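What Swiss-Prot says about this protein:
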type     : residues : note
ACT_SITE : GLU80    : active site
ACT_SITE : ASP108   : active site
SITE     : LEU28    : site 'Important for efficient shutoff activity'
SITE     : LEU65    : site 'Important for efficient shutoff activity'
SITE     : ARG195   : site 'Important for efficient shutoff activity and nuclear localization'
SITE     : LYS198   : site 'Important for efficient shutoff activity and nuclear localization'
SITE     : LYS199   : site 'Important for efficient shutoff activity and nuclear localization'
SITE     : LYS202   : site 'Important for efficient shutoff activity'
SITE     : LYS203   : site 'Important for efficient shutoff activity'
SITE     : LYS206   : site 'Important for efficient shutoff activity'
Amino acid sequence: MEDFVRQCFNPMIVELAEKAMKEYGENLKIETNKFAAICTHLEVCFMYSDFHFINEQGESIIVELDDPNALLKHRFEIIEGRDRTMAWTVVNSICNTTGAEKPKFLPDLYDYKENRFIEIGVTRREVHIYYLEKANKIKSEKTHIHIFSFTGEEMATKADYTLDEESRARIKTRLFTIRQEMASRGLWDSFVSPREAKKQLKKDLKSQEQCAGSLTKVSRRTSPALRILEPMWMDSNRTATLRASFLKCPKK
């Protein structure tokens, strides 16, 4: 699973996930499913904010990243992916500026158009079950909840999906692709089932032992986007390029 994550996701997302797990004292070598889940959640949060800006009239517009109008205000503030101290600093700043009620738990995004915090969920189960779990945990009508599944289903507070249909379709397509890629490698069942995950962990550890000593150093590029958490969209060409840059365990 760890190899899959490093091949499938943008290196910046992988690095953020590694930092998050380290902050909470979690071992990504052991909790590989959580590693994959965090990377998936991060990417969905970035895609959610992708290309969405607010113009001078306060209207929400969609602009490509290479458009000169990209200097307009981002519609969404990304909170997910920051260390806890910085994340709460951002939340406090938003609350002081907008008058929004401070949430009890760290949300994932803030929507400057609708003036509300957003909690993003990505689930391998039924969307309505996960939605209820989120709602019971947050216990606040002020925080908007939006849940996506790997099967293309979604659920949001008061059926308000925030984004246009095309933007949501990109997220659903990406999640479905991740599921298909996992399935093709025999990883999906272990990603869904804890029992299967234990079996897969044993296979992963055995595979790592076989690969020990065969890896060479891979250069890491640090993008400015990592520091400012700019949104990104992993198109097929970019994914193919990233995959080519990573090493695989040599076939014997």
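Cβ coordinates are placed from backbone N, Cα and C, and glycine is handled just like the others.
Taking the features listed in Swiss-Prot, we show where each one sits on the structure.
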residue	record	DSSP class
LEU28	site 'Important for efficient shutoff activity'	coil
GLU80	active site	coil
ASP108	active site	coil
Distant-in-sequence Cβ neighbours of ASP108 (active site), under 8 Å, six or more positions away: HIS41, CYS45, ILE78, ILE79, GLU80, ILE118, GLU119, ILE120
Under 8 Å by Cβ from LEU28 (site 'Important for efficient shutoff activity'), counting only residues of that chain that are 6 or more apart: GLU2, ALA17, GLU18, MET21, LYS34, PHE35
Number of Cβ atoms other than its own within 10 Å, given for GLU80 (active site): 22
